[in-house]
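Student: After the structure tokens below, expect a handful of questions from me.
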Amino acid sequence: MTRKYFGTDGIRGQANSFPMTPEVAMKVGMAVGHIFRRKGQTSRVVIGKDTRRSGYMLENALVAGFTAAGMDVFLLGPIPTPAVAMLCRSLRADIGVMISASHNPFYDNGIKLFGPDGFKLSDEIELKIEAMIDGDLTPYLASHGDVGRAKRVDGDIYRYIEFAKRTLPRNIDLNGLRIVVDCANGAGYKVAPAALWELGAEVITINNEPNGININEDCGSTHPIGLMKKVHEVRADVGIALDGDADRVLLVDENGTVIDGDQLMAVIAESWAASDRLEGGGIVATVMSNLGLERFLADRHLTLARTKVGDRYVVEHMREHGFNVGGEQSGHIVLSDYATTGDGLISALQILAVAQEQGKPISEICRKFDPVPQLLKNVRTSGGKPLENKRVKSAIDEATERLGVQGRLVIRPSGTEPLIRVMAEGDDRGLVEKVVNDIIDVISSEGSAAA
């Protein structure tokens, strides 16, 4: 069934443009409030947000919707997405909401929903919400005596800090480490520096002065250049880059080299397997993770289960098949022993624990495999279904045959833009570049011919 509002990670768009309008946000609150409200009992929702200016607008609209549906609202303020999921369980809320567009620019925003178990909602519930939004919500409103209340809560951010700290083994601290943290001017600007400092590290923080419009602006996990420079400048042991809602993380080693999610997952998988903590016989990642990671795991008799792009698909596979480690190359890492969604701070702490335990520098700990040459390019389309074109299909088949068993080809439409993403990888860098460019050329020429 075609979706009108929900994408792979909630509802997202430009603030004050459909669907990210106060009207839609209020209807979301009404619909979700009706679905999750417990009849005859006090029901509550926790709402967090990142640091975008439009967060205030959407927050108030959601409050209006949820209270109209008869739910009490706890407003958490700026707080990481994984903290909302964790507090949803800790505070025994019936629903959790995060207002964020993750790594997107400030002018975008989004609404992510978590059930009482801290996991994102199922497709079935999202489709039910969509149907209600487009219908008459009046019958679902609470009576005048059952309208909910809203209040801002202080101190719950410290619950999350303590929770994150407890994921570090009790016999390990961060004493002696100099850490630079890039908070992306986002939701982690308070919690990440505080947790690291309380664990004993010397913490140098950058991009921790959000003003409503500087979230993710040339900073954070999508722009680690500033962090690389700062690590070199202050001779830090490691740099930690979060994104706007702190659910993803990349590291920078003491030499200023960026360490992506694939390498981080390799470290955790190897460490947890050695201590018999790894479940499922391997890890879960997406089709975009490097072939080098798959080979690294195979050499250790561990599997790599691949899913579609999107951390929700990673989590679904983990839950269905009994894995406890999964993630994406981009730095979304899900450790289900601790969290129900990607958690940048907790993931970073697991890497630091390995480094401290082994007494080795981050560069040595995190270079687990040599990535196979990989190239990703996007080609803009004018609509239609270019991947069903005969010439395009033929070019894809030919490229797949040329790459053979030593390479991979992944072609997929973007979920948010009129783009086709073409990714190839293999041991022969020249061949990888050629097959990607050939496919891009065919898609472009066929698109022009169709127009």
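Cβ atoms here come from the backbone N, Cα and C positions, even for glycine.
Per Swiss-Prot, the feature active site, phosphoserine intermediate maps to S102; the stated evidence is sequence analysis. Annotation source Swiss-Prot lists Mg(2+) binding site at S102, D243, D245, D247, citing sequence analysis. Annotation comment: Swiss-Prot describes S102 as phosphoserine, evidence class sequence analysis.
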Student: What other residues of the same chain, not counting S102, D243, D245, D247, have a CB atom within 8 A of the CB centroid of the Mg(2+) site?
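Tutor: Everything else in range on the chain: D50, P80, T81, S100, H103, G186, A187, L242, G244, A246, R248, G342, G344.
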Student: Would you kindly give the Cα-Cα distance separating S102 (active site, phosphoserine intermediate) and D247 (Mg(2+) binding site), rounded to the nearest Å?
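Tutor: S102 (active site, phosphoserine intermediate) has its Cα 8 Å from the Cα of D247 (Mg(2+) binding site).
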Student: Sort out the sequence-distant neighbours of D245 (Mg(2+) binding site) for me: same chain, 6+ apart, CB within less than 8 Å of its CB, listed by position.
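Tutor: When sequence neighbours closer than 6 are ignored, D245 (Mg(2+) binding site) has D50, P80, T81, M98, S100, S102, G186, A187, G188 within Cβ distance under 8 Å.
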Student: Taking the Cβ of D243 (Mg(2+) binding site) as the centre, how many other Cβ atoms fall within a 10 Å radius?
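Tutor: Taking every protein chain into account, the count is 34.
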Student: Looking at the recorded positions S102, D247, which one has the fewest other Cβ atoms within 10 Å of its own Cβ?
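Tutor: Counting other Cβ atoms within 10 Å of each of the recorded positions S102, D247, the minimum falls on S102.
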